[in-house]
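Pulled from Swiss-Prot, these are the features on record:
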- Glu355: active site, proton donor (ACT_SITE)
- His386: active site (ACT_SITE)
- Lys514: active site (ACT_SITE)
Amino acid sequence: MKNINPTQTSAWQALQKHYDEMKDVTIAELFANDSDRFAKFSATFDDLMLVDFSKNRITEETLAKLQDLAKETDLAGAIKSMFSGEKINRTEDRAVLHVALRNRSNTPIIVDGKDVMPEVNAVLEKMKTFSQAIISGQWKGYTGKAITDVVNIGIGGSDLGPFMVTEALRPYKNHLNMHFVSNVDGTHIAEVLKKVNPETTLFLVASKTFTTQETMTNAHSARDWFLKTAGDEKHVAKHFAALSTNAKAVGEFGIDTANMFEFWDWVGGRYSLWSAIGLSIILSVGFDNFVELLSGAHAMDKHFSTTPAEKNLPILLALIGIWYNNFFGAETEAILPYDQYMHRFAAYFQQGNMESNGKYVDRNGNAVDYQTGPIIWGEPGTNGQHAFYQLIHQGTKMVPCDFIAPAITHNPLSDHHQKLLSNFFAQTEALAFGKSREVVEQEYRDQGKDPAQLEHVVPFKVFEGNRPTNSILLREITPFSLGALIALYEHKIFTQGVILNIFTFDQWGVELGKQLANRILPELGDDKAISSHDSSTNGLINRYKAWRA
């Protein structure tokens, strides 16, 4: 992978000039000047997904110049490097191969001279056998009862991905009740333990090293709770499984290492739902549906790695994002799924994007002088319309939005879905085209009112429009289409990281806080006043000690 400062390319300079020409052009003008705009600025994927990027402040010239930027930063070479197993995560000397986990073609993928696919398939087969025993009731707890509840204990990538997918695929779930515990706040696990029975509960402890502070604190609390009823430590083996690579620590915890499911250092946490970390997904929706999830992602992997850049959906979305972030000064992107099952999708890609591309040091080790990763946020529609859409429509900040919706709902109650989708379509139209003063005044006339008498209200009812959006319309949310959608966003993030010359697959920014927390923890063990930090931290710790007493 080449290390190229994007701002030093001729394409970046051309884009800066182009921005000066485009900054006052409106989306309404772009549509008025081109009756075929939708056809030119939209594309389908496998007849399962339509991506409409026509309601953006872009022209064919804009996209051509952005594609030039991708060429000058050698995006094509970087894609080949990732898929071929090159160690593109250079700060940790690791390959980046979540694509191998869903490589349904079984084409060899080589890391350090070794094909990883046999090991990937072996773990998949092991998960299949284990999950079938749990789901069928063949696996019994220590009193001979079948498992009814599964508690996944993890944090970050070991929690966000499985939680998001199991929620998104709820229509496919079986009889097992799924619970997720992540926060080290004891309230989280305490509330989950109130809902489950130790005789019929399986705990999945998801920690690659089996040393993650939050996860192991929760795991030990779960173990203590379990043993209060079960008594004999040998029963732990029937109620705990590990998603880890540390066999020694897993065995010491009391888990049978036969029920330890491995993954590899080339699997990043926030890209790990496709690995053994996805065992909770399998237990929720069954192995066949998990394979469909993998297959959907693999189909998008093929699209990303083989489709020309001009028609490549992850690349197009990535380039449009860079256009707004670096030239228009937009600092955030909203992800707005119009599907209640997808209520954790924005939170998942908040981590996916911000932990990947929230970096200020480039691949040469130098501080950047341009924008890198955006702030990602969002909530399901239509809830967001009654919360923060006011700012998106009439605020002073540009917030590019991705609207996501299925054409077919899993719950066709009366006309609920038509009403939901009418809002989905209306919002992007309103954001793009707005409402002029003239239209507001005419509406008053149509109501028999004199606009002159309402002059004090008219300005507040004007919508400037020109707010950019992408619309992603799925035929239906299935395991396959969800897998493709997740992979679409993963590759968008990777593309932006390549072009912006940052390392997308490390996360050193999470380390300092953990180091300081480990230093502070022993200081909280007594009631002595603390003076070893800055005055603010000392003051906070000392007030905490005074109040807890």
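The backbone N, Cα and C atoms fix where each Cβ goes, and this holds for glycine too.
Note that the structure is predicted; figures quoted are calculated from it, not measured.
Residue pair Lys514 (active site) / the residue listed as 'active site, proton donor' shows a Cα separation of 15 Å. Secondary structure from DSSP puts His386 (active site) in a helix. Separation of the C-alpha atoms of His386 (active site) and Glu355 (active site, proton donor): 29 Å, rounded to the nearest whole number. For His386 (active site), the Cβ neighbour count at a 10 Å cut-off comes to 9, with all displayed protein chains included. Its own atom aside, the Cβ of Lys514 (active site) has 12 Cβ atoms within 10 angstroms in the protein chains shown. The C-beta environment of Glu355 (active site, proton donor), restricted to residues of the same chain at least 6 apart in sequence and closer than 8 Å, consists of Gly156, Arg270, Gln507, Gly509, Val510.
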